[in-house]
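What TrEMBL annotates here:
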- Y24: active site, proton acceptor (ACT_SITE)
- H101: active site, proton donor (ACT_SITE)
- N75, H81, D88, L102, T103, R112: substrate binding site (BINDING)
- R19: site 'Transition state stabilizer' (SITE)
- 116-136: transmembrane segment (TRANSMEM)
Amino acid sequence: MTKRVLVLNGPNLNLLGTREPGTYGSETLKDVEALCKSAAGELGLSIDFRQSNHEGELVTWIQDARKTADGILINPAAYSHTSVAIHDALRAVNLPVAEVHLTNIHQREAFRHHSYVSSVAFGVICGFGSLGYKLALEALAQKLK
Ligand code: DQA
């Protein structure tokens, strides 16, 4: 059976392409989605790609994934550094989680160095831009074999 991956993007990632291009580059979230769809096709995965600016909506989508997904790829964006609720939801659903950040969060401000998601993820990728999403899908495909 085709494995299903829920790809979640947190707040402000809808602004990719225009948001701080010096930091995040010129690719839009649509470009990232296209890259994920093509990578998923090659890997034999199906993906559901979403973005929300709302913590509660992300929590609900994570809870729903119990019935609709086999794994989760998440770029929690700023919620990485603040959200116990997203940590708890990911822990509760008990699906393999890959955490992705476009930028190298360890090279940036100190408040970005800790992520509440990392301890519930089987792996974390940061600093490789949108390539990180592709690498994380590859890791999830391996994990879900
Ligand atoms: C980010 C890094 C976070 O610190 C930041 O709040 C984001 C994006 C990244 O992809 O590099 O919004 O998750």
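For all residues, glycine too, the Cβ spot is worked out from N, Cα and C.
Where the annotation comes from TrEMBL, it is an automatic prediction and has not been curated.
Across the fold, the C-alpha of Y24 (active site, proton acceptor) and the C-alpha of T103 (substrate binding site) stand 7 Å from each other.
When the binding-site residues N75, T103 are scored by other C-beta atoms within 10 Å, N75 scores highest. Listed in sequence order, the residues of the same chain lying 6 or more apart from R19 (site 'Transition state stabilizer') and placing their CB within less than 8 Å of its CB are N12.
For the substrate site listed in the record, the two most distant Cα atoms among N75, H81, D88, L102, T103, R112 lie 24 Å apart. Local packing around the recorded positions H81, H101, R112 was summarised as the count of other Cβ atoms within 10 Å of each Cβ; on this measure the leading residue is H101.
The Cβ of L102 (substrate binding site) has L16, Y24, G25, N75, C126, G127, F128, G129, S130, G132 as same-chain neighbours under 8 Å, each 6 or more residues away in sequence. Spacing of H81 (substrate binding site) relative to H101 (active site, proton donor) is 12 Å (Cα to Cα, whole number). When the recorded positions Y24, D88 are compared by the number of other CB atoms within 10 angstroms of each CB, D88 has the fewest.
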